There are 2 protein chains.
Amino acid sequence: MIANISPLAPSYTPELPAIDGITLRTVCAGYKNWQRNDLSLFLFQPNTVVAGLTTQSACPSPEVEWCRAAIKKGKARALVVNAGNSNAFTGHKGREAVAAITARVADHLKCALHEVFVSSTGVIGVPLPIKTACDGLEKAFSAEDVNWEHMANAIMTTDTFAKMSRQDITIQGKSVKMVGIIKGSGMIAPDMATMLGYIFTDAAVAPELLQKMLTKANKKSFSCITVDSDTSTSDTVLAFATAAAGNPILSSEEDKDADKLQEAVTAICLDLAQQVVRDGEGASKFISVSVNGAVSDESAHIIAMSIANSPLVKTAMAGEDANWGRVVMAVGKAGQPAERDLLSIRFGGIEVAAKGMVVPNYDEAPVAAHLKGKEIDISVDIGLGKGQAQVWTCDLTHGYISINADYRS
Amino acid sequence: MIANISPLAPSYTPELPAIDGITLRTVCAGYKNWQRNDLSLFLFQPNTVVAGLTTQSACPSPEVEWCRAAIKKGKARALVVNAGNSNAFTGHKGREAVAAITARVADHLKCALHEVFVSSTGVIGVPLPIKTACDGLEKAFSAEDVNWEHMANAIMTTDTFAKMSRQDITIQGKSVKMVGIIKGSGMIAPDMATMLGYIFTDAAVAPELLQKMLTKANKKSFSCITVDSDTSTSDTVLAFATAAAGNPILSSEEDKDADKLQEAVTAICLDLAQQVVRDGEGASKFISVSVNGAVSDESAHIIAMSIANSPLVKTAMAGEDANWGRVVMAVGKAGQPAERDLLSIRFGGIEVAAKGMVVPNYDEAPVAAHLKGKEIDISVDIGLGKGQAQVWTCDLTHGYISINADYRS
């Protein structure tokens with residue numbers, strides 16, 4: 001499938017620095033009949049720690065099951081990412097493929113099995129071919145080192161652009177680098193465009209603290225985006241820290257500069273999450289939905305996601321239509337405390353509805369101009385309390401239908 | 001807006017009998033600049049009882065607020081349905097319009113205010129014009145009687161066909177008639193295509209029992225359909241019973257033949273609900289989703305709705321694609337107990353995935369033929385328990401996007 005680059009792709013691509021303790025390799029294993037790298041191998045120096053989050057799906061891929069268990073051990077020496085075959089819903093054969101990959105890498109590195117992480121993305125229902133994977137690994141073991149951009153490209157499936165982010169911080173006087181790459185653009189079957197995100201840093205940090213920071217960052221980033229409300233069976237975010245920066249190891253949120261590491265993790269997660277939305281299938285608008293005045297932050301989040309997931313709101317934005325009535329509808333159906341006569345709604349900062357009624361004679365010109373742009377702000381004040389939340393989504397267009405309905409598996 | 005009749009419209013339209021104790025009138029009040037009936041007046045003989053259900057929305061229309069309160073009194077002498085203006089999100093002006101209509105009708109009939117019911121459907125954010133409504137009522141008071149088909153047409157907004165249903169039963173030796181009409185096809189702004197459904201019978205039944213029966217029927221009908229997961233601010237279902245059939249009044253589920261009345265109410269609600277799905281915006285397939293083997297009926301219902309609301313499942317059906325992977329995804333994201341390796345999935349009765357894997361070499365020809373039809377069956381066995389549920393939806397097509405995004409309010 002040849003897709004045009006999303007019109008919402010960032011105009012600027014950051015240059016990503018090498019990170020001490022991490023070696024990057026990518027090769028063409030040949031999961032499909034194509035000439036592109038589709039097996040990526042990230043090698044980490046000993047004592048690298050890992051934290052991670054996986055899909056809540058009750059039907060996860062064997063890779064997700066493997067990672068869920070291995071994350072608990074907190075240590076990592078390698079990550080293998082396969083593109084072109086998700087290995088999801090493949091029963092015992094899928095589990096055997098994961099076992100073969102981890103065994104081969106652990107044997108090569110002389111490390112424990114649980115220090116090897118695996119993700120796969122692509123067609124579902126077809127067991128990952130073990131020989132293809134193992135032959136690919138052999139090639140990767142002796143391949144030349146590459147840079148982050150090669151890796152960001154090699155993990156893509158239906159993505160229309162490579163997604164990368166960086167943060168630079170100082171922890172107790174030591175320069176610390178952080179890099180993130182991610183793939184995902186909604187879900188396209190048979191290439192279920194699973195979201196796979198990876199964060200790499202040379203910070204020295206205890207795995208328990210890194211896990212805590214990633215979990216906190218997730219609440220403000222990956223948990224706040226939606227393309228089509230559907231959840232992949234393989235979504236995974238992993239964070240690796242090599243300790244090569246040489247800062248005194250951080251083990252508590254109270255440690256000096258731990259707040260800086262938290263901020264960097266949150267910032268990189270948010271940037272990566274928003275890039276996924278910007279590559280949403282068929283997206284022509286990047287939409288921010290802010291809710292304040294709810295009874296709690298949780299309530300605000302539920303209302304914001306109700307708006308962001310509403311097909312009617314998303315099609316209205318595609319149509320550049322200041323349809324506040326659909327926003328009222330989405331607030332009303334969220335099942336959260338709300339009072340029609342206290343609600344107010346803004347598009348691009350301009351109040352169009354307030355206190356249960358349209359704002360009489362509001363100036364339509366700036367609203368229309370705002371909706372013609374690529375970046376849309378919808379803001380809702382519930383008027384009941386102090387709870388607030390912000391989430392991001394894209395519009396729902398003919399492009400989404402074409403990608404998902406006009407395709408035959 | 002001129003729309004073609006939905007390809008899923010029933011080929012057969014039932015003839016609906018007059019019901020003793022009910023008089024039907026419809027006129028052109030002129031809520032829009034059009035030549036069609038848009039104000040419908042249903043007159044009920046004294047002692048007619050009423051039961052009803054309204055949207056769960058926290059931002060309901062003033063009509064819904066009025067009906068919620070009046071239903072509790074249990075008696076009805078009139079129902080007014082306005083088409084072309086939903087009066088939703090119109091603040092105090094909207095409430096004044098409802099007050100004016102109920103006052104005018106109550107004065108005319110010399111009945112209590114709470115015996116007059118009002119629904120409105122159409123553009124939102126514009127207060128229903130009181131003079132237009134009251135002039136329309138004057139016309140209706142002296143208009144000629146019409147039949148059910150006229151009424152079913154007069155309450156339509158963006159519907160592409162009039163929706164009617166009938167049931168005939170015998171209660172303790174007396175013939176009892178039941179008629180239902182409904183409008184709704186998803187939500188189109190500014191014409192939010194609210195679902196308004198009305199059931200009429202000459203049965204003699206206590207309002208508390210009728211309410212109980214309607215609530216029970218709702219769980220198996222209106223609660224089991226979804227077009228686009230969005231919920232209107234005005235959805236209302238009302239049931240009126242005139243007692244003209246002369247059967248001994250039913251007041252308990254234990255009464256002789258009360259089960260027959262329950263069955264008729266459930267059957268008519270289900271038929272009406274399915275007709276709404278068949279008029280879903282842009283729909284080209286009518287989809288039944290059955291789930292069994294869940295840990296409870298409630299769990300099965302949540303899983304079935306997760307499948308029925310999934311944009312990826314709905315676009316796959318539009319594309320006639322046997323994409324069981326998307327069904328797995330929708331089961332997985334439902335947040336209900338499920339075991340990947342116990343799941344099985346059927347399209348049109350043919351098992352395509354079982355025990356966590358695709359069924360090797362399943363016969364694709366009959367599956368492909370089934371998916372080319374207009375009536376699609378998706379069946380999922382969770383394999384954990386005895387819970388079951390069935391829900392109905394339609395596919396997600398370019399037509400839906402065209403209706404909702406290509407439109408400017």
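Glycine is no exception: its Cβ is also placed from the backbone N, Cα and C atoms.
Features as listed in Swiss-Prot:
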ACT_SITE  A:Thr194  active site, nucleophile
BINDING   A:Thr157, A:Lys183, A:Thr194, A:Glu281, A:Asn404, A:Ser409  substrate binding site
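Positions of Swiss-Prot features highlighted on the structure.
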residue  : record                   : DSSP (3 states)
A:Thr157 : substrate binding site   : coil
A:Lys183 : substrate binding site   : strand
A:Thr194 : active site, nucleophile : coil
A:Glu281 : substrate binding site   : coil
A:Asn404 : substrate binding site   : helix
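Contact with chain B, taken as any Cβ pair under 8 Å, is found for the recorded positions A:Asn404 out of A:Thr157, A:Lys183, A:Thr194, A:Glu281, A:Asn404. Across the structure, A:Glu281 (substrate binding site) and A:Thr194 (active site, nucleophile) place their CA atoms 12 angstrom apart. When the CA atoms are compared, the binding-site residues lying within 10 A of A:Thr194 (active site, nucleophile) are A:Thr157, A:Lys183, out of the candidates A:Thr157, A:Lys183, A:Asn404.
The Cβ neighbour count for A:Thr157 (substrate binding site), using a 10 Å radius over every protein chain in view, is 23.
The 10 Å shell around the Cβ of A:Glu281 (substrate binding site) contains 27 further Cβ atoms across the protein chains shown. Other Cβ atoms within 10 Å of the Cβ of A:Lys183 (substrate binding site), summed over all protein chains shown, number 28.
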